[in-house]
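Student: Just passing along the structure, written as C-alpha cells.
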Amino acid sequence: MILLGVNIDHIATLRQARGERYPDPVDAAFAAERAGADSITVHLREDRRHIQDRDVVLLQQTCQTKINLEMAASEPMLTLAERWKPQDCCLVPEKRHELTTEGGLDVVGNRHRLADAVARLHDAGIRVSLFVDPDLEQISAAGAIGATVVEMHTGRYANAATQAQRNLELEQLYRAAHQASLNGLTVHAGHGLTYHNVQPIARLPDLKELNIGHAIIARAVMVGMESAVKEMKRLMREAVKTP
C-alpha cells in the first residue's frame, strides 16, 4: 500500500495571515493521523512564512506517526535538523519570493554541497530525500551522493495544459521512477497533486509514498480534515487496485 504524507503548511498559512494562535498545526496533524495519514510533512522555510520553529518542536513531541521536515540545504537549516533529529528530511530548493516550490534540486550542479548536507543528516540518524525533477541524470546523481529517497516533482504533470502533454509528463515520471529503483532509491512523489489527478501517479512503478498538502487542506475547509484525508487515501487505494 502506498503511504500518504499530509503536508500541513497551509494550516500555518491561515494562522499567520492574522497573527493568531489558531488554527494550530498540531491539531491538524492529530486529525490527519486519526484519518490514516502515514506521516506529517512540514516545510520550514527560511523566511518562516508559515511553519515556525515551535511548530516543528511540538510536532516532534506529539505526532504518532513520523515527521518529514522539508527544508533548504542551508547551514542554519542543517543545524536545526541536527538538533531536532526528525525521522525524515527532504531537501528542497528554495527561493524567497516563490509562492511554492517551483522545481527540483539541481543535484548535478550542486553535487558537493548536497553530498555534504546528506552526510551530515545521515550522521544525525535522519533518512534523507532529495526533491528532484523526473530527470534521469538528476536521479542518478541523487543516488551517487548518498540519498536514500528521491521525491519526484510532479508539478509539470499537474500543470499540463492538455491531456497529451499530461501523458508525456506521466511517461517521463514512469521512466524516472524506474531509474530511481535501478539506483537503489526509494521513490516518493508530490507537488500539485489533487483529488482529480492523483490516481495515475499512484500507479507509478515502485512508488512508496505520496506527499500532498494544498489539495487536502483546501478540501478540509469544506468537509473537515479527517474526511479530506480519508477521501485521498481511498483514491490512492482504488488506483493501486485498478491497472
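Even glycines carry a Cβ here, placed using N, Cα and C.
Note that the coordinates shown come from a computational prediction; the quantities given were computed from them, not determined experimentally.
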Student: Out of N7, N183, which is the one Swiss-Prot records at the 3-amino-2-oxopropyl phosphate site of R18, G192, G213, H214?
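Tutor: Candidate in the recorded 3-amino-2-oxopropyl phosphate site: N7.
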Student: List only the single closest residue to H10 (1-deoxy-D-xylulose 5-phosphate binding site), chosen from the recorded positions R18, E70, G213 by CA-CA distance.
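Tutor: Ranked by Cα distance from H10 (1-deoxy-D-xylulose 5-phosphate binding site), first place goes to G213.
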Student: Three states by DSSP: which one describes E151 (site 'Transition state stabilizer')?
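Tutor: Where E151 (site 'Transition state stabilizer') sits, the three-state DSSP reduction gives strand.
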Student: How many Å separate the two farthest-apart Cα atoms among the 3-amino-2-oxopropyl phosphate-binding residues N7, R18, G192, G213, H214?
Tutor: 26
Student: Here are some binding-site residues: D9, R18. Which one has the most Cβ atoms within 10 Å of its Cβ?
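Tutor: Within the set of binding-site residues, the most crowded position is D9.
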